[in-house]
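*Asks:* Please see the structure below; I have some questions.
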């Protein structure tokens, strides 16, 4: 989990304060961040949305976006560690370039008027995000501490998979298949109502970065998944674009919440179709 937030960065709810803060940025950065579709601005937007959903409270969780529609699709913007996600600003992102994960920009480089000398730390999720980008060519990767994600892993203690079938919301998720020719996992459509959604569950570790090996193993072993659950911790979800990742995350959380209620009432998560 991220460390407590001690920073005094600007309140993102105040548009006036945000506009005033822009004057401390270089003209180049001012131009970048004036675009509402810039990945850094989208991270801020999603962080506030996810905070309202109780997915990234208490500085927990993280979001990263690869600039797939920009001039350099290898650029990845990552929210820092230990900041209140609902108050984050676009200039507080770390910028990394794939495939070598070269650090191009940190929020510690921006004028102190914007940070009040707060020392930003890279997200502990960074190596896990990088795994999703390299292994699945993702356009965005989301990590939340959703209570639904945590609870379902508790209910499935000792199990390595979450499975659910015959639920309409499953159709919001992609159908993926490993292509032997390209050696890549490719989207071939969407899951159908009668399909079984399978999400691997990995065990938590004391430090986030120590999850990297088990996350990579799950990604290799489950080519059909767009997410990995971390027991007693949360979930990682990725998609080909930021908006697809958002949709997948929302759909999965809906299914997790429903699955918890189904378990509580004794309804099997996977429908028996043999009778």
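Using the three backbone atoms N, Cα and C, a Cβ is placed for every residue, glycine included.
From Swiss-Prot, here are the annotated features:
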type	residues	note
ACT_SITE	168	active site, proton donor/acceptor
BINDING	125	substrate binding site
BINDING	143, 145, 233	Zn(2+) binding site
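Help me understand the surroundings of these features in the structure.
*Replies:* There are 7 other Cβ atoms within 10 Å of the Cβ belonging to residue 168 (active site, proton donor/acceptor).
When secondary structure is read from DSSP and collapsed to three states, residue 125 (substrate binding site) falls in the coil class. Other Cβ atoms within 10 Å of the Cβ of residue 125 (substrate binding site), summed over all protein chains shown, number 25.
The DSSP secondary structure for residue 143 (Zn(2+) binding site) is strand. Within its own chain, residue 143 (Zn(2+) binding site) has 61, 62, 63, 125, 128, 129, 234, 235, 236, 237 as residues 6 or more apart in sequence whose C-beta sits under 8 angstroms from its own.
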*Asks:* Cα of residue 145 (Zn(2+) binding site) to Cα of residue 168 (active site, proton donor/acceptor): how many Å, rounded?
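*Replies:* Their Cα atoms are separated by 25 Å.
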*Asks:* What is the interatomic distance between the Cα atoms of residue 168 (active site, proton donor/acceptor) and residue 233 (Zn(2+) binding site), given in whole Å?
*Replies:* 27
